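Engineer: Here's a structure for you.
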Amino acid sequence: MAAPRSSAKSAALFAILLIVAAVQAEDCSNAMDKLAPCTSAVGLSSNGVKPSSECCDALKGTSTSCVCKSVRAVISLPAKCNLPALTCSGSR
């Protein structure tokens with residue numbers, strides 16, 4: 001009888017771990033949309049433009065890992081389009 005009880009405990013523990021992992025997983029699917037108010041501060045013609053309060057609020061509400069994932073996604077676009085890789089040396 002000990003084996004079924006142990007199996008049930010293991011299954012319950014596994015289910016709890018799955019739930020915790022799902023809760024901790026970040027949803028970064030709309031990170032780029034959230035940061036739309038920042039476009040005027042990061043565009044090519046944004047030399048010295050101060051970010052708006054909306055941009056700063058959006059940035060506060062977006063995790064660093066989501067921002068980084070978004071940047072990596074943009075940088076990976078040329079390869080997905082069969083274009084040369086981005087080289088950003090000498091730029092900020």
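The backbone N, Cα and C atoms fix where each Cβ goes, glycine too.
So Swiss-Prot lists the following for this protein:
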| type | residues | note |
| --- | --- | --- |
| SIGNAL | 1-25 | signal peptide |
| DISULFID | Cys28-Cys66 | disulfide bond |
| DISULFID | Cys38-Cys55 | disulfide bond |
| DISULFID | Cys56-Cys81 | disulfide bond |
| DISULFID | Cys68-Cys88 | disulfide bond |
Engineer: For the disulfide-bonded residues Cys28, Cys38, Cys55, Cys68, which one has the sparsest Cβ surroundings, going by other Cβ atoms within 10 Å?
Structural biologist: Cys68
Engineer: Note down the number of other Cβ atoms within 10 Å of the Cβ of Cys56 (disulfide bond), including every protein chain shown.
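Structural biologist: A count of 14.
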Engineer: I'd like the Cβ neighbour count for Cys66 (disulfide bond), meaning other Cβ atoms within 10 Å of its Cβ, all protein chains included.
Structural biologist: 19
Engineer: Measuring C-alpha to C-alpha, could you say which of the disulfide-bonded residues Cys28, Cys66, Cys68, Cys88 are within 10 Å of Cys56 (disulfide bond)?
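Structural biologist: Hits: none.
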Engineer: With H, G and I counted as helix, E and B as strand and the rest as coil, say where DSSP puts Cys56 (disulfide bond).
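Structural biologist: DSSP assigns Cys56 (disulfide bond) to helix.
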Engineer: Cys68 (disulfide bond) to Cys28 (disulfide bond): how many Å between their Cα atoms?
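Structural biologist: Distance (Cα to Cα, whole Å): 10 Å.
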Engineer: Within 10 angstroms of the C-beta of Cys88 (disulfide bond), what count of other C-beta atoms is obtained when all protein chains are considered?
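Structural biologist: Counting Cβ neighbours of Cys88 (disulfide bond) within 10 Å gives 7.
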Engineer: Find the shortest Cα-Cα separation between Cys38 (disulfide bond) and the disulfide-bonded residues Cys66, Cys81, Cys88, and name the residue that gives it.
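Structural biologist: Nearest in space to Cys38 (disulfide bond), counting only the disulfide-bonded residues, is Cys66.
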Engineer: Suppose we draw a 10 Å sphere around the Cβ of Cys81 (disulfide bond). How many other Cβ atoms does it contain, all chains included?
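Structural biologist: Result for Cys81 (disulfide bond): 7 other Cβ atoms within 10 Å.
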Engineer: Which of these disulfide-bonded residues is closest to Cys66 (disulfide bond) if you go by CA atoms: Cys55, Cys81, Cys88?
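Structural biologist: Closest by Cα: Cys55.
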Engineer: Quick check for the class: what is the C-alpha distance, in angstrom and rounded, between Cys28 (disulfide bond) and Cys88 (disulfide bond)?
Structural biologist: 24
